[in-house]
Amino acid sequence: MATQTLPAQMTALYYEKPRDFSIIKADVPLIDHDEVLLKVSMCGVCGTDQHIHEGEFIAKFPLIPGHEVIGTIVLAGNQVENVKVGDRVVCDVSETCHKCFFCQRGTPLFCESFEAHGVTLNGGFAEYAKFRAAKVFPIKNLTDEQATLVEPASCAVHGLDKIRPKPGSECLLIGAGPTGLMLAQLLKLNGAQRVVLAANKGMKMDIARKINAADEYIDLDRKDAANQWAQLKEDNPHGFDVVVEATGVESIVNDSINYVRRGGTLLVYGVYDNAARVTWSPTKIFQDEINIVGSFAQIHCFPRAVAYLESGKIRTDGMVTHVYKIEEYQEALDKMASRQCLKIAVKPN
């Protein structure tokens, strides 16, 4: 086992229970023969972390959160062959059992014992974090800030797999968060001849234009966008082949089906409050043969996400708008809640 001198303890963000977190000294994780220990350089913060803070999603407590982890390997088990000490890596945080009903049917995303570092297992809001070596991927050309976007990019790749857009598709993407902006770019790269991005006017849409995320942009009025939605329908009387709802807002997901073309697809892509409900007409779904598809997390999409970002085909310039120290995590949550940011990251030291 390759080694170097390591401290016995580390600084970590620790939740005892929902809404109850503190900065603590925790033991540096011990690794097994097939695992690596990372010195975390940065970890992204996303909407899922807000839901974890509230005790929603699939979170388990107590917990060290953080699921968009970048770091350098400082310790490797003696069975590790794919990476080595000194490699900068990003981490696929999903863990599956390989033996349940769904895993054996080749659909491990639905694993009955599904776990995720930073959600149900300890993650990257700490100075050190451990992962199975099979779940880490070296990066070369990405800054730490850019690398925080690999995990959400992998979710966008999975979303693309679920949509399977036909060449020449017309697509409407609602919401301009990080993973939505990357999915918009993936649609452009994979068959869509027209991508329309609709989101609230402000910083996110400004960045969307800078990275050329879409073909057309609709800057929605935050207070009253009713006329703009009506105009969108008038301008597109037959709707869109693909509609992606990426806001996580209950009222918008309810309305999004009204922009789907007959025979088209609605991708439910946002992270919603557990209490959110939809009231779609089954007759409309039946008569218009609308495909309603969910896209949750990802499995086996990291290599493609790394390749897209390393090549520059997916642009991420300026998407990380705020970086905080781990001790400033409450400020990070407050900034995210204010909607005055696009992507936030945390540095452990």
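Glycine residues also receive a Cβ, built from the backbone N, Cα and C atoms like all the rest.
For the Zn(2+) 1 site, Swiss-Prot records His67, Glu151, and the single candidate of Cys46, Cys97 listed with them is Cys46. Record note: Swiss-Prot gives Cys97, Cys100, Cys103 as Zn(2+) 2-binding, and the candidate from Cys91, Cys111 in that site is Cys111. Within 8 A of the CB centroid of the Zn(2+) 2 site residues Cys97, Cys100, Cys103, Cys111, the other residues of that chain are Thr96, His98, Lys99, Phe101, Phe102, Gln104, Pro108, Glu112, Ser113, Phe114.
Between the alpha carbons (Cα) of His67 (Zn(2+) 1 binding site) and Cys100 (Zn(2+) 2 binding site) lies a span of roughly 24 Å. Each of Gly44, Thr48, Asp49, Gly66, Glu68, Val93, Gly118, Thr148, Pro152 belongs to the same chain as Cys46, His67, Glu151, is absent from that list, and has a C-beta within 8 angstroms of the C-beta centroid marking the Zn(2+) 1 site. Mapped onto three states, the DSSP output places Cys97 (Zn(2+) 2 binding site) in coil.
In this structure, Cys111 (Zn(2+) 2 binding site) belongs to neither helix nor strand by DSSP; it is coil.
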